[in-house]
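Per Swiss-Prot, the feature region 'Disordered' maps to 31-164, 189-266. Annotated compositional bias 'Basic and acidic residues' per Swiss-Prot: 42-54, 149-163, 242-266, in sequence order. What Swiss-Prot records for 55-72 is compositional bias 'Low complexity'. For 395-564, the entry in Swiss-Prot reads domain 'tr-type G'. Summarising the annotation, Swiss-Prot assigns region 'G1' to 404-411 and lists similarity to another entry as the type of evidence. Per Swiss-Prot, GTP binding site is recorded for 404-411, 450-454, 504-507. Annotation comment: Swiss-Prot describes 429-433 as region 'G2', evidence class similarity to another entry. Per Swiss-Prot, the feature region 'G3' maps to 450-453. According to Swiss-Prot, the region 'G4' annotation covers 504-507, on the basis of similarity to another entry.
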Amino acid sequence: MEKVKLTKNLKLKIKNAQLTKAAGLDKLKQKLAQAGSSEAKSSSEKPSAKEKSVKVALAATSTPTASAEQASPESTSRRIRAKNRSSFSSSEEESSAHIPVDTSEPAPVSIADPEPELEVVDEVCDESPEVHPVAEVLPEQPVLPETPPQEKELEPKPVKPAEPKSVVMIKSKFGPTGKHINHLLAKTFKAPAKEEKVVAGSKSTKPVASDKTGKPGTSEGGEQNNREKQFNPANRSPASGPKRDAGKKNLTDFRDRSKKSDESLKAFTGRDRYGLNEGGEEDRWRKKRVYKPKKHYDEASIQRPTHIKISLPITVKDLATEMKLKASEVIQKLFIHGMTYVVNDILDSETAVQFIGLEFGCTIDIDYSEQDKLCLSNDTVRDEIQSTDPSKLVIRSPIVAFMGHVDHGKTTLIDSLRKSNVAATEAGAITQHMGAFCCSTPVGDITILDTPGHEAFSAMRARGAEVCDIVVLVVAGDEGIKEQTLEAIEHAKAADIAIVVAINKCDKPNFNSETIYRQLSEINLLPEAWGGSTVTVNTSAKTGEGLSELLEMLALQAEVLELKADPSARARGLVIESELHKGLGPVATVLIQNGSLKLGEALVFNDCYGKVKTMHNEHNELMKEAGPSIPVLITGLSDIPKAGDPFFVVKNEKTARDIIEARSAGQQRFALQQKKRPNFDSMLQNKKTLKLMIKADVQGSIEALVSSISKIKSEKVDVEILTNSVGEISESDIRLAAASKAVLIGFHTGIESHAEPLIKSLGVRVELFTVIYHAIDAIKEIMTSLLDPIAEEKDEGSAEIKEIFRSSQVGSIYGCIVTEGIMTRNHKVRVLRNKEILWKGTLSSLKRVKEDVKEVRKGLECGILLEGYQQAQIGDVLQCYEVIYHPQKL
């Protein structure tokens with residue numbers, strides 16, 4: 001290790017010398033070297049104290065000096081194996097002769113010369129032998145171990161500790177107590193003695209006796225450390241120090257706790273659970289919280305408004321905030337008058353809001369500006385046309401709706417007018433969608449609406465009556481006026497629309513127009529043939545009889561009505577039908593009532609908006625603009641609009657989006673209140689519930705199905721429609737039906753190809769229909785299947801027990817005689833005693849003599865074995881009966 005240190009020392013000196021030369025400090029270094037050489041000569045003449053001590057030690061040893069001198073060259077040769085061996089191969093006398101010369105630090109003089117570098121190493125090596133013999137020969141001398149040469153150069157020599165000066169007590173420097181502060185602190189805060197472990201190889205610390213003044217007589221370093229520990233209050237630990245005298249006044253610690261709680265009696269609190277009390281009683285000191293008194297508001301100082309303006313709907317909490325009241329005060333006032341509300345309930349009645357304002361002396365005005373903005377227009381189409389400048393109005397085509405009972409020939413009559421064959425393509429030979437056509441006739445263009453005649457499509461008929469100008473009431477001449485015919489008449493009268501009666505099927509032999517006239521007169525529609533004002537035309541859809549006369553009557557009615565519209569205005573109309581197309585997305589058939597609809601215009605419906613991307617007529621021809629009374633199929637909608645929804649053209653798509661977002665936000669506000677509450681009556685009555693999910697091709701079909709299902713009344717089964725939407729049955733629909741245990745009903749729609757395997761794996765029941773009354777009948781059957789069948793017991797025969805035979809293998813065998821009817825094996829049996837039923841079970845074995853038989857008739861004896869019953873007695877009656885299950889009715 002010493003060789004390595006010496007080598008490092010040499011390298012360090014060489015590097016320092018090179019840096020010195022590069023910095024241009026050679027001349028300064030030479031002057032310093034000359035000055036150092038002169039000092040070295042003087043020091044060589046006068047030996048140092050260290051050399052004297054070494055000589056004394058060598059003289060005292062028993063070994064001769066020659067042996068020590070012989071040992072030094074060996075150690076020198078053993079330590080130094082330098083780069084140039086020739087310089088160290090001299091004799092002992094030569095090496096000793098170099099010692100006084102090399103102590104004068106010749107390194108700065110000869111930087112580039114390698115020989116003086118080795119002489120410097122020789123000097124270092126010559127000093128080391130002086131130390132080691134002393135440490136080995138005189139181990140008992142209290143001489144401090146000498147540091148190696150490298151450490152001598154890097155570290156300063158330790159300064160000899162000065163003797164501690166005695167403290168002179170000056171009375172003027174004492175405090176008011178007459179004692180020095182050191183005495184007070186030393187006595188009051190005496191650190192406890194700590195056991196110090198003596199580690200092998202480390203310096204041993206011995207206790208030093210204190211002097212007369214009471215100060216510990218330690219060395220300078222130890223005294224300084226102890227003084228810092230005693231006099232520094234920050235290093236003190238109150239818990240570890242000795243107990244203070246309770247009689248003396250504490251001058252330093254402001255957290256004195258005279259009363260110590262017993263640790264064994266301390267309760268376990270939440271702070272102990274989280275480890276906050278581990279430090280003991282002293283460490284749990286916390287700063288006392290500053291008490292802040294609550295602010296008491298003087299109600300008299302609050303100025304409540306006497307007039308406010310709000311918009312409906314509004315919650316009870318918001319209304320109370322506007323009136324500077326507490327919500328509890330408003331709720332209390334409502335409760336006193338029999339109205340139960342909570343904080344988040346919504347007030348949508350203007351009367352209730354005005355009543356609250358009257359009770360608290362505040363006038364409340366309702367702001368309708370936001371509703372007007374969302375409504376777009378409060379005027380109807382007719383009012384809008386009447387308010388338009390007459391110079392802008394032009395004559396438009398009449399909108400004619402064909403209405404009547406199912407199978408009375410409405411669609412066939414329209415096909416004859418249009419010269420088409422729509423009726424042949426309809427499922428079940430009935431119309432289940434509303435169709436809109438624009439056909440050219442000899443008397444002009446006519447827009448025709450074909451409405452369904454089935455009872456389920458009453459909403460479609462009502463919608464057709466609202467949008468049309470003339471109603472053609474189709475009545476079959478061989479059947480007369482039916483239920484749906486009367487309903488269509490009511491819709492037409494409610495809309496104040498002109499009615500033209502077409503008595504169809506006049507080519508049939510049992511056609512009787514007089515019967516139709518009589519029925520019309522009974523419902524206040526007196527025909528012209530009987531002197532009334534109702535126009536009647538006998539027609540035949542198959543032969544074409546009366547069609548031209550019917551068209552003339554329609555043209556005459558249109559002239560009388562003076563139908564006009566403004567084609568320059570923004571388009572406004574009604575949704576006839578809507579559906580989800582596979583490639584086009586949501587599409588809608590709309591009828592324009594006023595204005596003109598163009599490509600790229602933005603539309604607003606009730607629940608959705610859109611921008612017209614494409615527009616087609618009934619012949620699938622692309623159109624760029626559609627005027628009044630023209631039905632078109634449009635695409636580019638955000639969602640499927642509901643049939644019958646009005647639409648308006650707005651400035652741009654952003655405006656349309658903002659209007660719909662505002663409407664949806666208002667609808668979400670009522671979502672919680674509109675949720676269906678659980679029917680506790682059905683729960684108490686233990687009613688069954690049928691859950692349905694409806695998928696249809698168009699929105700009108702969904703309306704018809706939902707309306708028909710709601711008309712199914714049952715005291716035993718409730719029907720709950722979970723979802724109803726337009727489109728094919730998808731995978732998500734099947735998963736939802738499986739999770740909710742619902743039945744999927746598809747009307748005029750199919751199942752997606754990748755969703756079909758999921759139906760079998762999840763076990764979901766899916767029913768597809770193309771005719772609506774087939775769907776209604778199937779739903780009724782499903783409702784009936786949910787009901788448990790009614791069990792009926794039908795008596796077959798009876799037998800009397802005459803004898804009882806005991807068997808260790810099968811138990812009791814009853815010997816009986818059949819008194820009535822037939823006793824049949826494996827049928828149910830009742831055991832009666834004194835006309836009281838004791839047991840019901842199964843007749844497991846029936847024998848006649850020793851043979852097993854299936855049945856035994858009246859008057860014959862038999863052996864009967866009952867399954868699981870051995871307590872029958874002689875004289876008991878066994879009644880045989882059969883259980884028959886009957887399905888319940890809705």
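Each Cβ is built from the backbone N, Cα and C atoms, and glycine gets one as well.
Mean model confidence for the region 'G4' (504-507) is a pLDDT of 84. When the neighbouring Cβ atoms lying within 10 Å are counted for each of the binding-site residues (D407, K410), the highest count belongs to K410.
According to DSSP, G404 (GTP binding site) is assigned to a strand segment. DSSP assigns K410 (GTP binding site) to a helix. Other C-beta atoms found within 10 angstroms of the C-beta of G404 (GTP binding site) number 28, with every protein chain shown included. In the three-state DSSP classification, C506 (GTP binding site) falls within coil.
Neighbours of T451 (GTP binding site), defined as other CB atoms within 10 A of its CB across all chains, total 28.
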